[in-house]
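*Asks:* Copied straight from TrEMBL:
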type: TRANSMEM; residues: B:21-40; note: transmembrane segment
type: TRANSMEM; residues: B:60-78; note: transmembrane segment
type: TRANSMEM; residues: B:85-103; note: transmembrane segment
type: TRANSMEM; residues: B:109-131; note: transmembrane segment
type: TRANSMEM; residues: B:138-161; note: transmembrane segment
type: TRANSMEM; residues: B:181-203; note: transmembrane segment
type: TRANSMEM; residues: B:233-254; note: transmembrane segment
type: TRANSMEM; residues: B:266-284; note: transmembrane segment
């Protein structure tokens, strides 16, 4: 393993309107190494990769490839320079043969014709080299996703890839398939290919990677040799402690929860195959229950079952003591369960509609189309909530897509606050928004629970979860592994310990 | 899609509706100006003969009424991210049912018969629309496929109704008044189309239907999570679209005095989609503009006359239509506007409408 880096990125900065996605990040990749880039959602992993592969151009900083400064303006340019990417979804052509997929666009030719015999021969040689055994004449679709992924990797390797980026390649694979994939990666590393590995499966990262770079909130936390970074330290680095810029919110836990009252929501053995293992969870009035865990641990999946966004295939949900049947978002809203989904743009807001329209959407949906909310009443409600939540610009007629992330989140919150729900489910409400809006939303959550609303709060930031929650449900590998109840447990360290310990048990 | 990239300029008190309508309106005005320049003010000023309004422009409006009805229904369907290819066939079915029922009767002038024929045609076309909507909303069939079925089968149904003949209604039958008559000097087709426009505008904008439609079309998943009953709304919209197409068929048949199962309303679905797009409603769904569609229909109608008036042969019709669509599409594209306005980047909101006229003058 030579120490001369093949890729060296220094001081990379990338801004998107109003948000600094990368802030002075360094990244070094050496030949023959498998380098994991770690971080939570929004940490800047994907932006870093996109800068390296030419999807984004950096606003500042330098990229050196083989010691020479380079600047990629398109993914094609990066690929021509020897940087190939294999994505989670295989982007090959299903109905062509394996060989055709391997050589698409660079087929061996015989005059103007494709030399299929040579192509099949070269394909077999290539796959032998990598160590997988496939019928190269069979259509790609006849093989599993894992095999297709390996074909994609083989293709990338054969196009003289010096650097191979694997973005969540294992997320749709089963255990044996993962083993094959990791085997191939090892073989490639031995041949000198440098690989960037992105995965939220810590086990695999520890098994395969030589080195890790950890990002948090667009900043570099550090680079470590995998052997020198224990799992607990890694999780600590990834989740981190929020800088003290946020206003401290007083924890008035005891005052919130009405102890002797029956829970508002009780989930018993609630689960959904392939999404979240059956879990038990209850939420009381005036209580904030936080959900903590790493990316992909099942936080979102847990709350989506309670919200009626996904259908549970096992267990039982009780709300206000009664069994909930035929659960869907509409009946959930009618019961008083409000759900602000994780992805504001694709699942939350209707971008073309105005701020005001987005705010009254849930209320209007509950009334049906025939019973329009009178204009005067509507204007009053919208103005009230724009004022109350401090939405800027305070223009109810502006298309919501023109607002910043923080203001969009407030619009989404307003939509549900208007119908005065009994249970408010917030999935990553503070992700990707500026610090001011973050503090506003945290304060609001504390306020609402103080008024007796039950809140389920999902966040990747442990600091935020510990500060706001009365109790914390901890998840790992799509399983709810513990509910932390005592005041002493409300620390980031306890959560990290729980996640790590949860992993050792199985 | 094109979210977030829109400049934060959409404010400044300007009604977003008027902004959207500005470009189609500019093209329509340009067309009218060209016609006035060639044929004089008689083109636009209505004349009154035989107690009814006449003149070139009024005739354009009268002839455009069926297309307008179909296009209004289509606008709502497109707002839900859908499309209805069957409107031409439904037009033919509406026409066929009414005409066949009238000629089968002894007295083709009995008011009760006319009423029943019209009602039956509307009920059947409404049911067909609802069927389309059901396939889309409840069976999850892609709109283009679901409505393609009836686009093909519909003309067959119309042929079965007419027994393969072209039923001719007596000219004395009051049914023909639907296409040829006048109320207070205004041609009946214009009155009906205007009433339907008003009715749909009220239905969508006075109730919450319009907003919920735009929500479902703009972001189906967000709408589901907000608790909107999108299936019922979708069926309703296709039902309205079927009704509009049926009504258009009645007017068309009344005007001709006959129902041609094969050629009645042929290709009207394409003109309707065209009018909707010209009017500023995106095929991706979301925001819809009934008034924009209306302008689009009048543009298409005016264009046909313009070609004759400027002395081009009628063979130019399709090409000219394509050019207009091209120009309107370009004008509506933010990328194109930004590109063309780059040299004049002082005040961002003063574009020159000149290119439209130039291209049309060719």
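Easy rule for this one: first residue shown is 1, then count along the chain.
Cβ from N, Cα, C; glycine included.
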*Asks:* Quick one: do the transmembrane segment (B:266-284) and the transmembrane segment (B:109-131) reach 3+ CB pairs under 8 Å, ignoring pairs fewer than 6 apart in sequence?
*Replies:* no
*Asks:* So are the transmembrane segment (B:233-254) and the transmembrane segment (B:21-40) touching or not, going by 3+ C-beta pairs under 8 A with a sequence gap of 6 or more?
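*Replies:* Answer no: the transmembrane segment (B:233-254) and the transmembrane segment (B:21-40) share fewer than 3 Cβ pairs below 8 Å.
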*Asks:* Please indicate, using numbers and ranges, the residues of the same chain that are 6 or more beyond the transmembrane segment (B:109-131) and have a C-beta under 8 Å from a C-beta there.
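*Replies:* Distal contacts: 73, 84, 86, 90, 93-95, 97-99, 101-102, 150, 154, 170, 172-175, 178, 235, 238-243, 245-247, 249-250.
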*Asks:* Any chance you could find the range in B:21-40, B:138-161, B:181-203 with the most Cβ pairs under 8 Å to the transmembrane segment (B:85-103)?
*Replies:* B:138-161
